[in-house]
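> Can you keep this structure in mind? I'll have questions shortly.
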Amino acid sequence: MKSLFLSEKIYVLILAGGTGTRMGSEIPKQFLEFSNEPILIHTLKKFQSWKKQKQIVLVSHPEFISETESICSPFLENQDCIIEGGETRHGSMLRGLSALTIQSEDILLIHDAARPFVLLKELDLLCENIRENGISTLASRTSETVLEESNGKTSSFLDREHIWFMKTPQGIRGDILKELLTLPMDPIPTDLCSWALTAGKKSSIVESHPFNLKITRKEDLELAEFYSDLFEKLR
């Protein structure tokens with residue numbers, strides 16, 4: 001299906017508000033390095049290599065705004081910017097939105113700074129899906145048996161054919177975003193797709209490759225080092 005919106009702009013919010021708690025590090029995880037560069041720079045460079053006209057907004061934890069500016073400024077284009085985030089993920093997203101003027105036909109992508117391995121072709125597919133469906137997310141399937149537990153014991157087994165693991169970016173078309181912004185938010189949503197679902201809007205799914213890892217723990221950082229060479233072959 002051809003896009004109805006031919007003059008769209010693409011905006012990318014990269015959420016980099018981590019403090020290193022789950023990583024068990026005094027250094028926020030987005031500043032930890034693999035392959036000789038901080039995670040955040042790997043992610044930023046990935047989006048800068050995407051040959052689309054876009055504006056990138058880096059949303060940083062307020063305590064680390066100067067570090068973010070120092071590390072990232074050399075990799076930002078003139079239209080890009082760095083702003084302080086909020087107290088929650090959703091609050092940070094709203095802060096990022098405040099820096100933008102989004103029209104109905106535009107596309108907004110929201111991405112975790114700790115996911116440096118998204119593929120450019122996935123970004124293209126995601127945008128196509130957003131144009132057609134309004135809201136979309138990357139997600140991946142599992143080949144594992146999926147169970148639910150209660151008090152540390154198996155409670156039930158879930159049908160993995162209908163189980164997807166949410167990834168990012170998640171994205172939304174401007175007209176749908178404008179509608180969501182007029183609605184009450186109770187409870188505070190954890191991400192874009194849960195926000196949309198509370199308003200009765202379902203997100204379409206674009207399958208992501210299995211290495212679209214969110215670096216959260218020390219073991220993930222070790223995996224990222226290993227994945228880095230492999231990822232170059234997937235590009």
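Glycine too: its Cβ is placed from the backbone N, Cα and C atoms.
What Swiss-Prot shows for this protein is this:
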type : residues : note
SITE : Arg22    : site 'Transition state stabilizer'
SITE : Lys29    : site 'Transition state stabilizer'
SITE : Arg160   : site 'Positions MEP for the nucleophilic attack'
SITE : Lys214   : site 'Positions MEP for the nucleophilic attack'
> Are there residues of the same chain, six or more positions away from Arg160 (site 'Positions MEP for the nucleophilic attack'), whose CB falls under 8 angstroms from its CB, and which are they?
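The list for Arg160 (site 'Positions MEP for the nucleophilic attack') reads Arg141, Thr142, Ser143, Glu144, Thr145, Val146, given in order along the sequence.
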> Any idea what the Cα distance is from Lys29 (site 'Transition state stabilizer') over to Lys214 (site 'Positions MEP for the nucleophilic attack'), rounded to a whole Å?
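So the Cα of Lys214 (site 'Positions MEP for the nucleophilic attack') lies 11 Å away from that of Lys29 (site 'Transition state stabilizer').
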> Would you please pick out, from the recorded sites Lys29, Lys214, the one with the fewest other Cβ atoms within 10 Å of its Cβ?
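Result for the recorded sites Lys29, Lys214: minimum number of other Cβ atoms within 10 Å at Lys214.
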> Could you tell me which three-state DSSP class Arg160 (site 'Positions MEP for the nucleophilic attack') falls into?
helix
> In the three-state scheme derived from DSSP, which category covers Lys214 (site 'Positions MEP for the nucleophilic attack')?
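It is coil.
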